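Per TrEMBL, these features apply:
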- 36-473: domain 'Major facilitator superfamily (MFS) profile' (DOMAIN)
- 39-62: transmembrane segment (TRANSMEM)
- 102-121: transmembrane segment (TRANSMEM)
- 127-147: transmembrane segment (TRANSMEM)
- 159-182: transmembrane segment (TRANSMEM)
- 194-217: transmembrane segment (TRANSMEM)
- 291-315: transmembrane segment (TRANSMEM)
- 366-383: transmembrane segment (TRANSMEM)
- 389-411: transmembrane segment (TRANSMEM)
- 418-441: transmembrane segment (TRANSMEM)
- 447-470: transmembrane segment (TRANSMEM)
Amino acid sequence: MIKLFDKPSKELSVNSDDQKANEINLIQGKRPYMRAFHFSWLSFHIAFTGWFAIAPLLPYIMEDLKLTSEQTEDGNIVNVAAAVFFRFLVGPLCDRFGPRRVMALLLILGSIPVGLSALVHSPTGLIVVRFFIGILGATFVPCQFWTTQMFSKNIVGSANALVGGWGNMGAGITTIVLALIAAGFNSAGLSPSLSWRVSLAIPAFLCFTIGLCDYFFTDDCPQGDWSKRGLPPTEIHMARDEKKIVVNDGNKVVSDTASITDSEKNIPAPTTQKRDLKTFLLALKDPNVPLLMIMYACSFGVELAVDGALTLFFYKQKNFNLSKKNAGLIASLFGLMNLFSRATGGFISDFANEKIGIRGRLLTQLIIYLLEGLFLFVFPYALNSLSEAIIILILFSYFTQAGCGSTFAIVPYINPELMGVVSGLVGGGGSIGGAVFAAVFKKYPDSSMPFTILGIIVMIVSFATFLLKVEERRLIEFKRK
């Protein structure tokens, strides 16, 4: 259950077996559950301000660095492709060290190339720095891993969809805000070259700051630190109580660590399975994993490619005659839809699961992807009118992002023991899709053909839902006589 107006001080309902929360209270920020929830989406959101900082500034950067359209698309491809490598790496790191440390590390490291990109003076330098900025794209893995650790299966689809969607919304916010900031600096008297460079200091600062907050003010799991995740419920010290002290006879003060029970001392530390190539291969042996990778490539991958190309696409439409500012504002609608679109994918999946079980999640997956592909295919036919183009843009944006939510509503059911690896692989599939589809936009730089191609691919891939077998159930089952 998701609560909007419940009392912030009210404790969440918790599963007695695994100590995961059974509900979400959006106006609460208490540790460990809702603090982790809010920092999960906020961290991913801020990561997007750095990861996609270059895209809304491209009209300025292209003029300053004398970039060709081909060089611009190369940068978009490199930026997205880099996230593939980092996402595959980050999954096992989450299993080993927990989501809090990994998220903090990614944001802090990612802030460095974002800041350094302001010093670039050549097309090659821009491509190189955009590769390292791609590390911020890997924050999606700890984002989803974090909420999976905190919330039970009855609500995890909604939790994952909410944090993923609100995080992805950072792309839309960045498209608006950075373009306006650069325009503001330019209007204030700075040169166009200096305007875009100074603007990049803002996402770099935000990434670094939120990374520090992740490390010092949040928890990995209901038990607190990742090292305590194996403690049984009767021995759990909830994160909010870890700092408490015990006062004896009004004078003697004993720290909590000094009063640990003998039974706690005898509890073995949780073991962590070694993560290596064999672990990846073990996860990939499950046919569901590569299938979900392909499907996620057709939702989040499409989103990445379109996010990187949409501003210039609208700017180059001569019949619309848009300014750089207005082209960016219209393009930002695509990312801003994440305020609710990805979340509703998770909500619908949870609702369908409640009504007809896991097959409800699969049916949701099929319908959403089929409609996504349909509206992508239709989009080029709406370009004769700006209003029609915006309407179809909103529709394919909704289903693209809802598909992200419905996909990660299924992921927690796939090999829970390798959750980090599976999340990393599926997330990496999204980045691979982003790189492949960005190459399609590069192939047809001044054409609407990429949307037609993407629409056909997504509609075909939607039928892969019939191949998924989750909890021994398929969408359509044939009984043997």
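Cβ coordinates come from backbone N, Cα and C, glycine included.
What TrEMBL says about a protein is an automatic prediction, not a curated fact.
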Which of 102-121, 127-147, 291-315, 418-441, 447-470 contacts the transmembrane segment (39-62) most, counting Cβ pairs under 8 Å: 127-147
Proximity of the transmembrane segment (127-147) to the transmembrane segment (418-441), 3+ C-beta pairs under 8 angstroms: yes
Across the domain 'Major facilitator superfamily (MFS) profile' (36-473), average pLDDT on the 0 to 100 scale: 86
